[in-house]
Amino acid sequence: MEGAAAPVAGDRPDLGLGAPGSPREAVAGATAALEPRKPHGVKRHHHKHNLKHRYELQETLGKGTYGKVKRATERFSGRVVAIKSIRKDKIKDEQDMVHIRREIEIMSSLNHPHIISIYEVFENKDKIVIIMEYASKGELYDYISERRRLSERETRHFFRQIVSAVHYCHKNGVVHRDLKLENILLDDNCNIKIADFGLSNLYQKDKFLQTFCGSPLYASPEIVNGRPYRGPEVDSWALGVLLYTLVYGTMPFDGFDHKNLIRQISSGEYREPTQPSDARGLIRWMLMVNPDRRATIEDIANHWWVNWGYKSSVCDCDALHDSESPLLARIIDWHHRSTGLQADTEAKMKGLAKPTTSEVMLERQRSLKKSKKENDFAQSGQDAVPESPSKLSSKRPKGILKKRSNSEHRSHSTGFIEGVVGPALPSTFKMEQDLCRTGVLLPSSPEAEVPGKLSPKQSATMPKKGILKKTQQRESGYYSSPERSESSELLDSNDVMGSSIPSPSPPDPARVTSHSLSCRRKGILKHSSKYSAGTMDPALVSPEMPTLESLSEPGVPAEGLSRSYSRPSSVISDDSVLSSDSFDLLDLQENRPARQRIRSCVSAENFLQIQDFEGLQNRPRPQYLKRYRNRLADSSFSLLTDMDDVTQVYKQALEICSKLN
């Protein structure tokens, strides 16, 4: 630690950023425009000084590519600090030096209670030494790894503070670009402190950035596909990954290889555990693949879930999103919350009774009746596999909506990735320190079986990678991340274009049967999954009507199959003159007169629509028409025309009936 500079009055507040006009000066000049600056600024020293005279160095907090971070105590004041030492001889890439200096300038310019503060900077020809705020509780990563699952109140506490800090950065024109659990620290009071601005940069709304950096597990679709981006949208995506991890205790995107991870992120495909959480709507909004539809930091800060239980919102700004997504997401979240509370109350009153088959079918039908945009944000049924955004225009029949046997479903998913998480990502990601960790027990291991933690069965169905990584291969949150990579390293075009998505398996016969039965028209009433006695009167059922077994045999056309399930063929025949609307209004009785005229089940206006009365005599008679004449009775006469002409209409109807006879 020898050779650092001593404080000297009048020192210029620069770090040797180069001659006028150089790229370094441009970086310094840009960051100097940040407002507001700290009241007293950051001391920068370039004169020889021995830091050991001022600070008592203690244990090492973390090691990085260019040096290490140590805890230290200032001898004069007793203040505990973190000292980050960077060796210049290990910096081979000029771009890395630019990032280090940019980090110092940006962090020195930001003043927020949830962002790590820089107190002093020392530099000589060999080293750059940064004296910064010390966060005694360590990384949020370790905090979650020890507890596996946080309460919603604690999750909201952490996430509000993270959003507050990110909103402050965006408000001052700074995008972090490397938000992850390892870069979020906790102080003595378990308050958030965001660190590591090594990949941060200034942004402007009318300009695009093209540096593809960050951690792959938190990278947005724009980053992994090498598309230009403005900046804040990549932080919004990372916030979605963070919130998912805080809520569920695992990572949303857990591809076990390069190609799979790229596909998952590009399609926004992630597992959504079935344990209820009111934050799932906000998570989906932040993990929208289209950056124009993705929640902005203002949308997140004003979301009801983030501010639930607090007197004020995270920020006093207005949401800038023009789409209907915020309102829709709020309505859907409220619906889920109210439905869940009502279900819990009913379960307690009924002695925790299980839902009946009819209730499950009703819930599935409700989910299918939702609009396309609402289905994009929420799923009402836990047993329904949602459609991918590319297939929203073509609705799937209910017959192929399969129940998930592993008590999980996927959000924005078109397939399910089977198998255990395999090897870590290849070296192209430069993320050895982010993919595996050995210091924490796997939930599936016997040693991890402790009360209050996930059972082995639950662990087997959740992503095996989770957030467990190797301690020795991961840098400290105080340290700059060397994970910058170009688009050519992150993606081979054939990987995305050539990747295939598993198609859903064909439905089984039982599922097809249930689908067909549920498609009957509204005139047929169902009670407890069985048709009413009046509808299924044995006298009404023709002995010649095909059975389910006969319809499933070869040679029966598909058209006949659909007709037979929905109604008797005599009712829905193309040649029939019976009004389907009038038929639906019938109240079939057990005992009816032996003979009634056809007007009891026919609307007069149906006959008035027929122009060619003579042609009716040559048309084939509807099947089973005589049987229905004998059985149907006492129905009201439907007449939608002007009531003043009722006599004339009635006479015309009688004339038509006589021609039919």
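Cβ atoms are placed via backbone N, Cα and C, with glycine included.
Listed features, source Swiss-Prot:
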| type | residues | note |
| --- | --- | --- |
| REGION | 1-24 | region 'Disordered' |
| MOD_RES | M1 | N-acetylmethionine |
| MOD_RES | S22 | phosphoserine |
| DOMAIN | 55-306 | domain 'Protein kinase' |
| BINDING | L61, G62, K63, G64, T65, Y66, G67, K68, V69, K84 | ATP binding site |
| ACT_SITE | D178 | active site, proton acceptor |
| MOD_RES | T211 | phosphothreonine |
| REGION | 345-421 | region 'Disordered' |
| COMPBIAS | 393-404 | compositional bias 'Basic residues' |
| MOTIF | 399-402 | motif 'GILK motif' |
| REGION | 442-570 | region 'Disordered' |
| MOD_RES | S455 | phosphoserine |
| COMPBIAS | 518-529 | compositional bias 'Basic residues' |
| MOD_RES | S600 | phosphoserine |
Mind computing the max CA-CA distance among L61, G62, K63, G64, T65, Y66, G67, K68, V69, K84, which the record assigns to ATP binding, rounded to whole Å?
14
In whole Å, how far does the CA atom of L61 (ATP binding site) lie from that of D178 (active site, proton acceptor)?
20
Integer mean pLDDT for the domain 'Protein kinase' (55-306):
91
Rounded inter-Cα distance in Å - T211 (phosphothreonine), V69 (ATP binding site):
27
Cα separation, D178 (active site, proton acceptor) to K63 (ATP binding site) (Å, whole number)
18
The residue listed as 'active site, proton acceptor' and V69 (ATP binding site), Cα-Cα, nearest whole angstrom:
19
Counting every protein chain shown, other Cβ atoms within 10 Å of the Cβ of L61 (ATP binding site) number 22
Quick check for the class: what is the C-alpha distance, in angstrom and rounded, between the residue listed as 'active site, proton acceptor' and T65 (ATP binding site)?
16
Taking the Cβ of T211 (phosphothreonine) as centre, how many other Cβ atoms lie within 10 Å?
16
Determine the minimum-neighbour residue: among T65, G67, D178, listed as recorded positions, which Cβ has the fewest other Cβ atoms within 10 angstroms?
T65
